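TrEMBL lists CYS100 with the feature active site, cysteine persulfide intermediate. Under the heading Mo-bis(molybdopterin guanine dinucleotide) binding site, TrEMBL lists PHE235, LEU236, ARG237, GLU238, ASP239, ARG240.
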Amino acid sequence: MELIDEIEAFKYENSELKKFKEKIVVDETITLNINDNLTRNFSISPDSLKEFAVGYMLGEGLINSYENVIDIEINNNILNTEINLEDFDIRKELLVGSDCFGGWRTKIDIIDEVESDFIIEPEELIKNINTLREKAFTWKQTGGTHIAGLVNCEKNEFIAIEDVSRHVAVDKIIGAAAIKNLDFSNSYIIYSGRMPADMLIKIARVGIPLIASNAAPTLSGYTVADKANITMIGFLREDRFNVYTHPHRIML
């Protein structure tokens, strides 16, 4: 599926409007149906759809592992999913779209602390933010995507996926890691974008102990990270970064 299209546009420069062709990122509305009971629409990049469905359901607490997924059928832009709800209850008021903020205050009270002995050297974080930039192929051509990476230290895997939505990019890498059966407690997320509460809630639910971004945190995200025992790192640059919560995971 094409992620980049080309359009005609006009550039104003030197007091003139000049026609030119520009590459533009593709976004589409995707419908996620869960057990014919819950339907949500998302505006996302139309790739890695199975990974998105799995990651979204994990982040929303509808499933606790990929084994709870019975079937995912992709029909154009409709994802029909069937999951094992034996131990779960779909409560619509507790679910939010992957590009929405609302509802996190309800969710924060039911989030467990992340349990992990994970530690990391600062040099690895700095190296991998550079690696993440190198993998941002769509962004380099369009400037229209966010990119998220999940690094699993045990198997030395680096999953990177771009999307027009930073939340969906994280959903997709979580789903990809779950499908590969990677251990979340020995993994971390590195990505481009702010770190609000709903983002931290997702990674707390799956048990990821650290998130690092080249952007800023938000107060709501900081609150969740602190409560959930997640190490939050922001303003990750070539030679420095800020640690906002639980610095014991940074190995000096």
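Keep in mind that glycine also has a Cβ here, set from the backbone N, Cα and C atoms.
The structure, with features from TrEMBL marked on it.
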residue	record	contacts (Cβ under 8 Å, 6+ apart)
PHE235	Mo-bis(molybdopterin guanine dinucleotide) binding site	ASN214, ALA215, ALA216, PHE241, ASN242
LEU236	Mo-bis(molybdopterin guanine dinucleotide) binding site	LEU125, ILE126, ILE129, ILE190, ALA212, SER213, ASN214
ARG237	Mo-bis(molybdopterin guanine dinucleotide) binding site	ILE126, ILE129, ASN214
GLU238	Mo-bis(molybdopterin guanine dinucleotide) binding site	ILE126, ASN130
ASP239	Mo-bis(molybdopterin guanine dinucleotide) binding site	ILE126
ARG240	Mo-bis(molybdopterin guanine dinucleotide) binding site	none
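Residues ILE126, ILE129, ASN214, PHE241 surround the recorded Mo-bis(molybdopterin guanine dinucleotide) site, their Cβ atoms falling within 8 Å of the Cβ centroid of PHE235, LEU236, ARG237, GLU238, ASP239, ARG240, which are themselves excluded.
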